[in-house]
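J.: As annotated in TrEMBL:
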DOMAIN    14-413  domain 'Enolpyruvate transferase'
BINDING   27, 28  phosphoenolpyruvate binding site
BINDING   98, 127, 128, 129, 130, 131, 311, 333  UDP-N-acetyl-alpha-D-glucosamine binding site
MOD_RES   122  2-(S-cysteinyl)pyruvic acid O-phosphothioketal
ACT_SITE  122  active site, proton donor
Ligand code: EPU
């Protein structure tokens, strides 16, 4: 996998996607489970892991801490943290991914101390960690942030009740990690219910933890002495599945998305049906097809699960440019997640951002290929969808973002008939340089 930024994606639009695409394991689940294996003093085999750059970064980070993690098959990682000694996770790799925040909870739980550089991740405005810290402190830890590094220490960790002020996936998982080996009962109230929160709890339980209620508002974690090794398979990626479903609808195609959990897709399938897209559900697959000349407009609000995922907001906005009439997208999770909109407008879309959290889409304008620049992971996916819909050739720059979360995207799209390739960048067009900086 080439994860540098020396390539661009070149897409010739206008092809209706058709056929079957197999969805990979969930990136946001796999990153948390990989870090959770730090708590296990034994070998874990993690299956259905997507080969994306965030995972590659985490493998390096775990190896740097004295654990041993490696891909032993295309989508299988073996990780053994029995010898892990260091509590210090600092440096560029730690700073560039959001999932490194889980190192705080896992190292605290395992070693009773952690020094972790403030996590990075896609830029949607401020990305606070106050709820993580509140949880660690409730368990008896002392937290101090110095020069961009979070230092956490505890003599011992004791279960407590943690009420989350905002529904946070990251804080819910992090507190769960810190509590698994603590003394007594921890209750997380107002917990996130995303499928990957449940998956992390299932992973830990399969290694001997005692976590109940994951997938509801209240998670109860009774601390255990230790965890044992084992084998676990990561759930399918809800967001990758949604991206392909939206791409199918956007190109007027007929695509069956396989290896998925259809209930995870309900908020999206409801919106697609509202737009007039055909949906056929199977046990582990969904067929998405379009048999109408024009899709209907619709309004969408992002919400924590089971609401419409913020991580499908940019892709959905690209689709809404093709609908009849005016649609409104309201972003309720992140304070600033419309930075990519000018890139869609460069392709002929008519989208107006009002304030920081509302985008108004005048549908029906035909998109035209142009050089564009991914500003974050899902924005990159939205540009890919727009490019597939557009007349002519689109060049997408800044592929490092897309490589963080989509496994074999070009190969999968080609399998559905798309005309897409990756080429060397030489050089990036002047007009995009400012976006890239
Ligand atoms: N928040 C706080 N305080 C905290 C933590 C979060 O105020 O301590 C706020 C955030 O500012 C945000 C909201 O709570 O407004 C939700 O943030 P959350 O903690 O749920 O996000 P996250 O854990 O940092 C994960 C995904 C994101 C996804 C969000 C929301 C991973 C590695 N990342 O981030 O995924 O957008 O949940 O569902 O799981 C992506 O995959 O493209 C991506 C960005």
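Yeah, the Cβs are placed from backbone N, Cα and C, and that goes for glycine too.
Heads up, TrEMBL stuff is auto-annotated, nobody curated it.
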J.: Relative to the Cβ position of residue 127 (UDP-N-acetyl-alpha-D-glucosamine binding site), how many further Cβ atoms are located within 10 Å?
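T.: Neighbour count, Cβ to Cβ under the 10 Å cut-off: 16.
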J.: Cα of residue 128 (UDP-N-acetyl-alpha-D-glucosamine binding site) to Cα of residue 27 (phosphoenolpyruvate binding site): how many Å, rounded?
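T.: Between the alpha carbons of residue 128 (UDP-N-acetyl-alpha-D-glucosamine binding site) and residue 27 (phosphoenolpyruvate binding site) there are 21 Å.
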J.: What is the interatomic distance between the Cα atoms of residue 98 (UDP-N-acetyl-alpha-D-glucosamine binding site) and residue 28 (phosphoenolpyruvate binding site), given in whole Å?
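T.: With the alpha carbons as reference points, the distance is 10 Å.
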J.: Count the other Cβ atoms sitting within 10 Å of the Cβ of residue 131 (UDP-N-acetyl-alpha-D-glucosamine binding site), across every protein chain shown.
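T.: Residue 131 (UDP-N-acetyl-alpha-D-glucosamine binding site): 21 neighbouring Cβ atoms within 10 Å.
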J.: Same-chain residues six or more away whose CB lies under 8 A from the CB of residue 129 (UDP-N-acetyl-alpha-D-glucosamine binding site)?
T.: 101, 104, 118, 119, 150, 170, 171
J.: Could you say whether, by DSSP, residue 128 (UDP-N-acetyl-alpha-D-glucosamine binding site) belongs to a helix, a strand or a coil region?
T.: coil
J.: Out of 130, 311, which of these binding-site residues shows the lowest number of other CB atoms within 10 Å of its CB?
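T.: Comparing Cβ neighbour counts within 10 Å for the binding-site residues 130, 311 gives 130.
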J.: Please report how many Å separate the Cα atom of residue 131 (UDP-N-acetyl-alpha-D-glucosamine binding site) from that of residue 27 (phosphoenolpyruvate binding site), as a whole number.
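T.: Cα to Cα, residue 131 (UDP-N-acetyl-alpha-D-glucosamine binding site) and residue 27 (phosphoenolpyruvate binding site) are separated by 22 Å.
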J.: By the DSSP assignment reduced to helix, strand and coil, which category contains residue 333 (UDP-N-acetyl-alpha-D-glucosamine binding site)?
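T.: In three-state terms, residue 333 (UDP-N-acetyl-alpha-D-glucosamine binding site) counts as coil.
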J.: Count the Cβ atoms, other than its own, that fall within 10 Å of the Cβ of residue 98 (UDP-N-acetyl-alpha-D-glucosamine binding site), considering every protein chain shown.
T.: 17
J.: Taking Cα atoms as reference points, rank the binding-site residues 127, 130, 311, 333 by distance from residue 28 (phosphoenolpyruvate binding site) and give the first.
T.: 311
J.: Distance between residue 311 (UDP-N-acetyl-alpha-D-glucosamine binding site) and residue 27 (phosphoenolpyruvate binding site) at the Cα atoms, whole Å?
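T.: With the alpha carbons as reference points, the distance is 12 Å.
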J.: Suppose you look only at the domain 'Enolpyruvate transferase' (14-413); what would the mean pLDDT be?
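T.: Value for the domain 'Enolpyruvate transferase' (14-413), mean pLDDT as a whole number: 96.
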